[in-house]
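Accompanying notes for the structure given below.
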Amino acid sequence: MKCQDYSLNRQTERENLNLNPLQRGGVLPPESRQALYEFSDGYSVCDYCAGRLDEISKPSINSFLEDMARFIGADYARTVHGAREGKFAVMHALCRPGDTVVMDGNAHYTSHLAAERNGLNIVEVPSSDDPEYRINAEGYRETLDELNDMGEDVSLVLLTHVDGNYGNVTDAQAIGKVAHDAGIPFLLNCAYSMGRMPIDAKRWNVDFVVGSGHKSMAASGPIGILGVQEEWADLILKRSSLHQVKELEMLGCTSRGAPIATLMASLPHIIHRVNKWDVEVEKSRYFVSEMEKIGGVRQIGVRPTEHDLVRFETPFFHRIADKHPRKGFYLYEELKKRNIVGIKRGQTQWFKCSVYGYSQEQVHYIANSFAEIATKYKEMAD
Ligand SMILES: Cc1ncc(COP(=O)(O)O)c(C=O)c1O
């Protein structure tokens, strides 16, 4: 069989300033790039395995998981292949087909799919209207009261801590309390927060917490974290009846090579960086204020933003696209000329972006580049 050359090169994308919110939190520090090289073979962490991934002591996955659990305020931590697999595992262990799970109206599609694959009914707590799309504890209380009045049993309450559309940071502690007052366990999806900002599952009334290594924890994917409190450990981490040492919901073992090696190497880095979250939020607010100096550009979602993921409505750039010979592609192309990528090609009506991890000078350069493009095509927007 003839096969084309698949050797890959991503140098250009790596060297540009990448504003895609999906990419910002997954950039590896140098020590993790080294780990990636050392552990790039498939089963590379399994040389000294005595039966189960989370018990391996060389490399020290066992103590890494204890440190991770402490970092997120959970009693136990396991690696999974992503936040979605963590949600699926919790639902699979806890709920029965036909049960109802209550989740926020801003929930990620993977929460829907995890529920669907488990045969669960989804009831959503609506967000507030445009432009805030806010999710609050009162909404959860009302929805749970209504379901209770209808005689509907709810087996799980799920909240997206930070949603992927607006970057709204919700009050997990208050919603966790509502869930517990109703006697229902609480699952917090921290894909956009764990590894970026401090998480305290115990203080926030969280029974199960999931995070995403490739999204927010400076790791090569696919990898995620599932945190579980003591009360639920026997259920979620129950052993197989056929292979006594193996944990059923983990299908025995999860991540077995580069993803877990990079996440381990990145743990000190992310423990350190979450303490500087305030600086990131300030940087993000500065970026929003600079962008909003361009006529008609407006940040959507809760204001001032409390996260690095920001969504802008950009009618100004959209009007230019109507007249520009390159149509909607001009914005992407103009940014690329300035070594900025991450805004989807052809998208001008609105876009999401993030300046997480960039220096103040880089943020200034990025904001200035948008302003420069706006000035260049000002006439076309009139
Ligand atoms: C809010 C949110 N939850 C979950 C996910 C999925 O994370 P993972 O790829 O780790 O399953 C995403 C990814 O975009 C997300 O934005």
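Even glycines carry a Cβ here, placed using N, Cα and C.
Look at TrEMBL and you will find Ala83, Arg84, Asn189, Ser212, Gly213, His214 tagged as pyridoxal 5'-phosphate binding site. The Cβ of Asn189 (pyridoxal 5'-phosphate binding site) lies under 8 Å from the Cβ of Ala83, Lys87, Ala107, His108, Ser111, Leu158, Leu159, Thr160, His161, Val210, each of these being in the same chain and 6 or more residues away along the sequence. Asn189 (pyridoxal 5'-phosphate binding site) falls within a strand when secondary structure is assigned with DSSP.
What TrEMBL records for Lys215 is N6-(pyridoxal phosphate)lysine. Under DSSP, Lys215 (N6-(pyridoxal phosphate)lysine) is assigned to a helix (H, G or I) in the three-state scheme. In the structure as shown, the Cβ atom of Lys215 (N6-(pyridoxal phosphate)lysine) sits within 10 Å of 27 other Cβ atoms.
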**OP:** Could you tell me which three-state DSSP class Arg84 (pyridoxal 5'-phosphate binding site) falls into?
**Re:** helix
